[in-house]
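A.B. asks: Just dropping this structure here.
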Amino acid sequence: MDLYGSKDRFDIFPEELSGRGDRSLGDTRRDSALSSKKVQRPQEVGYDLEKEVAELAKMYGLDEDREKDLEFLGGHLEKVESRRPPARTEKAASEGSIYNTSKSSSSVKDPSQSTKQQGLPDEASQGENQSKARADDEAESNIWSTGGLSSGGMSDEWNSQAVSEEEEEEEEEEDAADVFCSTCKIPIRAFDKLFGEHKDHEVAQLPSAVESEKEEIHKNMCKLEEQIAQMENVASHLEEIFITVEENFGRQEENFEVHYNDAVQVLAQKYEEQLEALGEEKRQKLEALYEQLVNCGKHLDTCKELTDETQELFLENDKAEFMKAAVTMVDRLEEFLKKEVDLELSTLPDFEERVIDVSEVEQLMNSINAIPAPCAPMINPQAPNAATGTSLRVCWGLFSDDTVECYQLCYKPVSNERHSDEQAEHTLKVKETYCTITDLLPNTQYEFWVSALNASGISPPSERAVYVTAPSPPTIKNKKIRSCENAALVCWESRDINPVDSYTVELSKLIDEENDDIITESIVGIPNCEVLIHLQPTQKYHVRVRAQNLGGSSERSEPVLIHTTGTSFYLNEDTAHPLLAILDDGFTISCDELENPECDLPVYDNSFTRCIAILGSLIPFPGKHYWEVEVEEDTEYRTGVAFENTPRHGHLGANNSSWCMRHIITPSRHKYEFLHSGMTPDIRITIPPRRIGILLDYENCRLSFFNADLAQHLYTFNSHFQHYVHPCFALETPGILRIHTGITTPPWTQK
């Protein structure tokens, strides 16, 4: 009910109106008279305000919101009342009592007014009642305004406070994030995940996200603490280095000064010696030149004397005297001219280049930083997994704090032969105390020793250590692999001359094509070149093998695919009769020769010599095993199982170490025999089988034969197999047998 828009509000405060009506009644009458026309006009045209408001609320869907708002405001009004000051609360309480009293009075007056309106339907009575209602309304407004607390003011204050409370709660609800957006890295509301911009983002629960972030922060804090500790250690070490540098500088400065003075004295002495030697050489040169100059002067004087005497002789007129003197002069001239005259210089003007020997000075200068030759290093033994098939990592150290410029590492392969010393040695120079040597042979031992070098010389060599490279990857023998529904026997061979320590088999279950390299199981410490592996039925596996030794692990071998859908085996070629041929698929045997199989043929150690037969691989798995043999109707054959030691010079089924089914063609029919120790039961088979199923049951000691095309049981041997057996096949006439392995055991074989 709207108390401020209907006639019911006129009698809300009758007590206050009666007390104050004298003061404002005249004004109220006048105002009501002026507005009577406005009130009567909508009533005359049938205007219904409440109906129109209800239609508008329904049109815009506000009727439901209004009920919620009223409930919401009701709760907040109680909160507002509880938060008011005490004086104002008392006043509101008194006014609330007035409000309640007026409401009760109004509820009493309403029936009388409605009765009066029904009894006086004329316009005069309606106008009087409307005028009275407007007058009461004006009086009520004056009472509220005079008291200082109008109903409109209280309503506005309550509404504003209620709206502010609602906005605060809405803001709190908006800010109350309960999930964490992993894409945007911010907390969000679950509503935003369902309908907001984070709809397609990955989110997590806020508590779990908080725990994850705390854990990450904790890890980073631990790393930070480790870095702090490392930096503190480095800083402490640097401080020690600073002190050591200062001490070393003082010692080196004093040492340098002493050696420098000695070097200067030696240089001065060398200078004096060289200067004295140079002066002596000068004196010798000058003396030699002076002597040569004196001899040259004497020779010139003799020449001039002879020249003058000869000229005087030419002036002699007396011929007899001339002849006497001429003979003597000629002899003197001839004797003089016979003497050789040395016209070359006795010495050269250039001085000999003198090389000053400063070796002593160099020795003194070098002794400034004189260091002793280092001690012999200590080579470390080989660390596990420190090698590959072609490389080795060698490490060594020093006993003392010797100064080392570099190391000289020597190595050679170890040989058991007598002339092992003749193996080529290799030498490397390295700066560090470790070295990785490449281009080596797999699974080969090498001998290493190392020496340290500095300016003073080379140390004695270390003791020799033997390292070994990792092995080569093994080679899996595909034709030696046998498998069944829950196991497989894998065989391989080593490619190395030297023996290895052990082998590791790695299994990868092929669920899809992407997990080819995911290792699902590893079997380590295998001493031999074969292993029996337990597998899961109806699965596919990739099997790889590694070889292990002290140096480490080899690379993985090439993978081999194994199916566990049924029993798989291969044919042993070394047991085949010479007339029997194995086709390219490895599971088809044929015989084209029409010769007598007992003719003279080369005999092999493990081959059949009389029966044209062949054995399959040993089936070393307990349980049930099934395979099939496809035959031709006009071919005579034998098929079954046999022990490893079954006689090679006899027929299959003719001894107590083999069990087989035999097909022969007689003039009247196809005859089938089930032979063991040469005996067979009397069994007639009307429909010749084209595909023979063979079921070997170790646990129940049975060997059964079936017509696989008809799912028909043919015969069963009940025999206790003391050893594991081989599948066996034989041809008695030219023809072909096709063996099918890896077949799931048919359910009809269990009946």
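Every residue gets a Cβ built from N, Cα and C, even glycine.
Heads up, TrEMBL stuff is auto-annotated, nobody curated it.
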A.B. asks: From the ranges 229-260, 261-292, 485-516, pick the one that TrEMBL records as coiled coil.
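C.D. replies: That would be 261-292, the stretch labelled coiled coil in TrEMBL.
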A.B. asks: Determine the mean pLDDT over the domain 'Fibronectin type-III' (474-567), rounding to the nearest whole number.
C.D. replies: 88
A.B. asks: Go ahead and report the DSSP secondary structure tallies for the domain 'Fibronectin type-III' (474-567): helix first, then strand, then coil.
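C.D. replies: The breakdown for the domain 'Fibronectin type-III' (474-567) reads 6 helix, 46 strand, 42 coil.
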